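Listed in Swiss-Prot for this protein:
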type: TRANSMEM; residues: 15-35; note: transmembrane segment
type: TRANSMEM; residues: 131-151; note: transmembrane segment
type: TRANSMEM; residues: 156-176; note: transmembrane segment
type: TRANSMEM; residues: 184-204; note: transmembrane segment
type: TRANSMEM; residues: 234-256; note: transmembrane segment
type: TRANSMEM; residues: 260-282; note: transmembrane segment
């Protein structure tokens, strides 16, 4: 018989469960103390984008930063990977202030191929944030209802806790790193929650099949065997998906980066949590029922 990896030994799974809990606690501390780094779509502000004829040097970037911060102390300057794009992000500015800012900026950026100014007012940003949260909550509720109907109670509870972990772990990483959270981040969260559910279903279905096949065998052994049996399929899916999105992560630019980062991390977290959150909790549950 092929040798199996012991994923769910009592000591191993409990160590990983504790580490996972500690990580989420740390992440939530950052979330409640520092918050998330929301993009302009989720907070009022102005962004001036320039497509440049030639890359900026470090002195020009420093000058732009000083100019922007003379209007707002927390203004940021962001350049594209090829150096020929620049984003100046600042607070919400009235039209006359924007004209003064662009006038000062264009003393540094003399030649450019295109310019775009985006302004989000406070009321619009609040409305966007509320709608994004509502859409996410409704989607999560639908997923949870599906899980509850699809599985028996202990399987469903384990899957729901797993979904919560995937969500909180991803948010924790963005809170700690202060990577930008844009509307595409919400789409990524929903995508990776769907991925995590799918991964759960694959493993849980195999556990149910093996439980019927070996009714007298210890549940932890059955669960561990099921993970080993589905491991190759899971790894192939993870590797091919990550390989497909890696070029977008590297060369996709700042607009796509929050979405791709969330997907990238979520796939890894979702795969990990299927073993050490969903399956581990299920094993603990069954041991308590003995």
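Glycine is treated like the rest: Cβ placed from N, Cα and C.
The transmembrane segment (131-151) shares the most Cβ pairs under 8 Å with 184-204, out of the stretches 15-35, 184-204, 234-256, 260-282. Beyond the transmembrane segment (15-35), the same-chain residues lying 6 or more positions past its ends with a Cβ under 8 Å from any Cβ of the stretch are 165, 168-169, 171-173, 175-176, 178, 273, 276-277, 280-281.
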